[in-house]
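Report on the structure given below.
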Amino acid sequence: MQKRQEDYIAGVLMIVLGLIGFLSSAQILRVLRRSIHSSSFSAFSLLCCSRALSNCGTLLCFLLYSSPVTLLGHPIGPPIVGLKFGHFTTLTYKSLVYVQLAIAFNRFIATFFSMKYTQICGRRGTFILLGLVWFMAALHCIPEFIGPVRFYPLYTVFIGSIVLNLVIFSKLTWNTVMRMKEMGGQARFRLRKNMRVFVQSFLQELVYIFELLFLQLMKPKERFMELMCYSLLWEFTHVWDGFIVILYRPDMRPNVPFCRKREMRSKEVMVTRIFT
């Protein structure tokens, strides 16, 4: 009886987290997809759009399969169904890891080669980078899809992303401390924008680093704690990923009264500063 109660609690938590995360990522997709067709193309927005798409795919698998299986206490359909859901979530999760590396590369170019940023990270270059991201993610899924094949571990991609972020952080800190007074208005605006985008991408990456370390260090023995530490923590990382983007982008939350008032107030302050 206690086992079934634990299943119900975990299943309900999966559904609640899945709905919140899926709706958040769907809102991000709805807003950011405009940047693909707009004249003011944003490579960072397109990479975040791919990230939100991966989050939607993973959370949809939780809603359609993992949550019902946990609530019912037995698999749904033949074993091949659960296997294919597992393959799909493996692809979407590993694509997120490679998108993190692509975002770090994008921020590296914006920080160190700002004058050539539009040439390197233009529309064509960003789509090529995204194609490479999904190709490498699919290639990395080969061991899970067809059998035991030797491939480099996923944490090496994390390490590459962390190293790039540390280099970017050092450069931004140097520019802020040593060169801020010498910069003109446009250079200061570009620096503040790079700092804001860096903090957003680093906070998104931080939760995946925490998840990776937590899964390596924690070895729960109780069944319910295994559900909490593996399935629910995995789902929570995708929910947090979408939340960070919504918190950092005012255009993601136009229907929230408090956020809309705050955005209008910031616009009024900006207009006042321009006229003064």
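Each residue's number is its place along the chain shown, starting with 1.
A Cβ is built for glycine as well, from the same backbone N, Cα and C atoms used for every other residue.
Taken straight from TrEMBL:
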DOMAIN    15-142  domain '7TM GPCR serpentine receptor class x (Srx)'
DOMAIN    151-247  domain '7TM GPCR serpentine receptor class x (Srx)'
TRANSMEM  12-32  transmembrane segment
TRANSMEM  95-115  transmembrane segment
TRANSMEM  127-146  transmembrane segment
TRANSMEM  152-174  transmembrane segment
TRANSMEM  195-218  transmembrane segment
Predicted model, mean pLDDT over the domain '7TM GPCR serpentine receptor class x (Srx)' (15-142): 85
Residues in the domain '7TM GPCR serpentine receptor class x (Srx)' (151-247) grouped by DSSP into helix, strand and remaining coil: 82 helix, 0 strand, 15 coil
Just to be sure I understand, if DSSP states are collapsed into helix, strand and coil, how many residues of the domain '7TM GPCR serpentine receptor class x (Srx)' (15-142) fall in each? 112 helix, 0 strand, 16 coil
